[in-house]
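For reference, Swiss-Prot has these:
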{"type": "ACT_SITE", "residues": "901", "note": "active site, proton acceptor"}
{"type": "BINDING", "residues": "584, 585, 586, 587, 594, 595", "note": "3',5'-cyclic GMP 1 binding site"}
{"type": "BINDING", "residues": "699, 708, 709, 710, 711, 718, 719", "note": "3',5'-cyclic GMP 2 binding site"}
{"type": "BINDING", "residues": "783, 784, 785, 786, 787, 788, 789, 790, 791, 807", "note": "ATP binding site"}
{"type": "COMPBIAS", "residues": "15-28", "note": "compositional bias 'Polar residues'"}
{"type": "COMPBIAS", "residues": "144-157", "note": "compositional bias 'Basic and acidic residues'"}
{"type": "DOMAIN", "residues": "1037-1088", "note": "domain 'AGC-kinase C-terminal'"}
{"type": "MOD_RES", "residues": "934", "note": "phosphothreonine"}
{"type": "MOD_RES", "residues": "938", "note": "phosphothreonine"}
{"type": "REGION", "residues": "1-69", "note": "region 'Dimerization'"}
């Protein structure tokens, strides 16, 4: 095939295919292009096509300066993927490198291209330059399936670097040749620095003789990575030709790259040859189209030696060329390399060599001028009319103007990046002034402490602000979420009932199938799903009616039985749903705004359930199961003397196992470490006689009976057979010895360092602040803004040596979001706490509009702000801050207080750099061994049992501790989705589904995974050794706990605090745009 243009020729040579698979691999070193003074023009006969339509000479054609990077490519194909034999071409003389016939699908690409007119090219010769040749062979195995063309590759940058280093060391060793195997395959290094090296033809490579240069290249194929794609250069007896290198999908690809000094192509070696060649194929096809257009536009244009006049081709019957009036030729100016030009510039920079038409002789052939580099191919004429010259000047002026505007735009971009760092304070004010955040009502500081995070000294949980753009940190300020508290008394829940609605079997199965198909609700127990199905009531929506409206606060979840609905967001269509689907499931967790609109396309029949009903079902089934399991355990002698909280822990880890009639639950003589309690059905106990093979019946066991208790005490040989007897099967509650030993411990083993040590200091604080009134406080500055109000830095009148954080919360907004109970709990817990890792509360005030909390000021700023600016912390820094949180948890958990809102936003630094826990709006004091069911926390940090409404306790804090470690080490939490529901689904998949970055060490990863176990009883810190098991973990080896507890350990980051009123570590905040809130005189806060 031949692809030719008016002045540029492309021709392919298709050699015969050879079946010799054992032919040796061959390669040829190509001399550098000639010097500009010695020009060789190879003339090829012109095959003139049909004359194109008349084209006006108004286009600008610039010279194409392309840096040549010669590369020889030899392609072999591995025909059989099941053998290691390569099908290669037959060995050729050293001066010839031929292509193997492309496979059919490769050949089709070429046959689709039309053959235009033949053209002529011009190459300035130059003697060879010293070079280092590095050959790297990469092997790919072809799959036999036509549909699967994915090629597996192995890349090893270190081996490439080693090859380049070896090449550099060979600069002074002529004719050196080294080969060695690597993970990439065979690597060859050849030194061609010998200027007297004789080519295969026998000519001296250092000669400037053009014929020698040509002879050396006869039959050779050299690839030139040009702007439009991979171009092949072939020298034949009729002249030099450019050919398109055939697209390759070969299984064996050998790159031989020739480098001068320095070897600048090292980076190119690291490119994946598959993607590079594919890109070059596409560019080459685009190049064909551009050259066809150019050929049509320049058909018949030529000029004579040294003449500034541009001529048409001679008219038929005439031997004289016709001059083009107003068209002149100019020497070109050097352009940028083509690969940096845009498409329009590439079109303008297509190669046009000044030449004569066939038959006019060589006297009129111009010589190139203005060559800057011998490795450049240039033509030295550009056609332009006087009018076009003016356009050129205008375009150049506009390009200069564009460059100036681009510089100004870059400056503005830098300014924008600077201003984005100040957006936190604005985005923290406006969303919460409207009473909602992130689409959730009653969120983002629903605790009331979101207005200062800490108890006052920082922006806290509810700011909703966007983080400053850091290198690796894109997470926005986390928002706290809280549902309205529910009654958690099992006695009250027993008297709560919801109506049940009749359904046919088809509807019941459809609802069940829809729930099990939902990523979130499929995690519910089957007993809970059955009750939910029973309580769902029917609703019907006519066509074109709204089922769910974006922005509304929802409390109902739907299951669609039949019909079709359209889902849209912000007026844009998202999808169409039909069949059994769950709609609006986030509403059953807490009050939240709908994130999309769902409209009935046809009449729709749905089943619905209210959030209150759903949460009651979840709580009641959990409490009933817990009470039932605890009663079972109390009937077992080895459990009857255990504390109530220990029994509840054991009941949480009991797994229900089912057996069919005739199954051997336990076999005599077998080893075992499990203990069983029968919850349903009957089993038969037998013993095998030693003198006979018959089994002797001993007795029957039923519901409430147990067996295998000796396995928990260390005896692992079974002494009897236990066989399922009931026709309906048997259900057993099972616990293994390891889990039992982790949970059972003497209470004396757990040390509580804080029992009464702070009681006296607490009384002293109360006495000191007893006479301070709200009017005695003077506001200095605002430290933070949150969901319920603001946090102000204040001083008492007449005392400038101390400062405090005054947190003020709007009473009306607390009532609106039903967070009264959380606020009272926060005041009670902080008022009793006396721990150096927890912010101290000194006194509380109230009036008709606000509640006030006077607290310790921590002027070092939020840990979240430092993390945002740094991107992430190293291992040592993360260990220090994690240890501070562990100390705070040790104090709280020893008093049965669950925190529930751990995150960097709720950790403040004092003046020394020690971290203090703040914002106790979600904290709660639990009864011994009891759980709580209120959904609250930050979406990225909530534990699975909180999401599934199974009840949670202090074990949820250990989950969030693992999440905090991950975020401090990486800059982002491990569980992050585009919306809360997606985040919850990621959490339910577990920590084992998360890919850990390399910067997290093995010990840190191990601790995170032990803290973030799906089963709360398996989490480190919740087991037998308590929180001391965390302190003893390998990640904390060598950590100076005593120095931390006594504040003698040097913190990794010491904030700059110049005075007691220095607020430079906090943002500036504007005044409240909404003004004072309305009065609240309901009296709910009489004990505040």
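Cβ coordinates are placed from backbone N, Cα and C, and glycine is handled just like the others.
Taking the features listed in Swiss-Prot, we show where each one sits on the structure.
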residue: 584; record: 3',5'-cyclic GMP 1 binding site; contacts (Cβ under 8 Å, 6+ apart): 548, 554, 556, 557, 558, 594, 598
residue: 585; record: 3',5'-cyclic GMP 1 binding site; contacts (Cβ under 8 Å, 6+ apart): 518, 520, 521, 557, 981
residue: 586; record: 3',5'-cyclic GMP 1 binding site; contacts (Cβ under 8 Å, 6+ apart): 554, 592, 595, 980, 981
residue: 587; record: 3',5'-cyclic GMP 1 binding site; contacts (Cβ under 8 Å, 6+ apart): 554, 555, 556, 557, 594, 611
residue: 708; record: 3',5'-cyclic GMP 2 binding site; contacts (Cβ under 8 Å, 6+ apart): 666, 672, 674, 675, 676, 718
residue: 711; record: 3',5'-cyclic GMP 2 binding site; contacts (Cβ under 8 Å, 6+ apart): 672, 673, 674, 675, 737
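The Cβ centroid of 584, 585, 586, 587, 594, 595 marks the 3',5'-cyclic GMP 1 site; residues of that chain outside this set whose Cβ lies within 8 Å of it are 548, 554, 557, 583, 592, 981, given in sequence order. Among 783, 784, 785, 786, 787, 788, 789, 790, 791, 807, the residues given in the record as binding ATP, the maximal Cα to Cα distance rounds to 14 Å. If you compare Cα positions, residue 719 (3',5'-cyclic GMP 2 binding site) sits closest to 934 out of the recorded positions 783, 785, 791, 934, 938. Around residue 709 (3',5'-cyclic GMP 2 binding site), taking its Cβ as the centre, 15 other Cβ atoms fall within 10 Å, counting all chains. Residue 938 (phosphothreonine) is surrounded by 25 other CB atoms, counting those within 10 A of its CB over all protein chains shown. Secondary structure from DSSP puts residue 595 (3',5'-cyclic GMP 1 binding site) in coil. As a whole-number mean, the pLDDT of the domain 'AGC-kinase C-terminal' (1037-1088) in this prediction is 88. The Cβ of residue 934 (phosphothreonine) has 22 neighbouring Cβ atoms from other residues within 10 Å, across all protein chains displayed.
Ranked by CA distance from residue 934 (phosphothreonine), the recorded positions 699, 709, 783, 791, 901 have 901 at the top as the closest.
Put simply, of the recorded positions 699, 709, 938, the one whose Cα is nearest the Cα of residue 791 (ATP binding site) is 938. Comparing Cβ neighbour counts within 10 Å across the binding-site residues 710, 718, the minimum falls on 710.
On the backbone, the CA of residue 938 (phosphothreonine) and the CA of residue 901 (active site, proton acceptor) stand 6 Å apart. Reported as a whole number, the C-alpha separation between residue 709 (3',5'-cyclic GMP 2 binding site) and residue 783 (ATP binding site) equals 59 Å. For residue 901 (active site, proton acceptor) paired with residue 787 (ATP binding site), the C-alpha to C-alpha distance reads 15 Å. In this structure, the CA atom of residue 783 (ATP binding site) is 73 Å away from the CA atom of residue 699 (3',5'-cyclic GMP 2 binding site). For the domain 'AGC-kinase C-terminal' (1037-1088), DSSP puts the residue distribution at 5 helix, 0 strand, 47 coil. Annotation: 595 carries the greatest number of neighbouring Cβ atoms among the binding-site residues 595, 719 [cut-off 10 Å, Cβ to Cβ]. DSSP classifies residue 587 (3',5'-cyclic GMP 1 binding site) as helix under the three-state reduction.
Here the Cα atom of residue 785 (ATP binding site) is found 59 Å from that of residue 710 (3',5'-cyclic GMP 2 binding site). A distance of 65 Å separates the Cα atom of residue 787 (ATP binding site) from that of residue 699 (3',5'-cyclic GMP 2 binding site).
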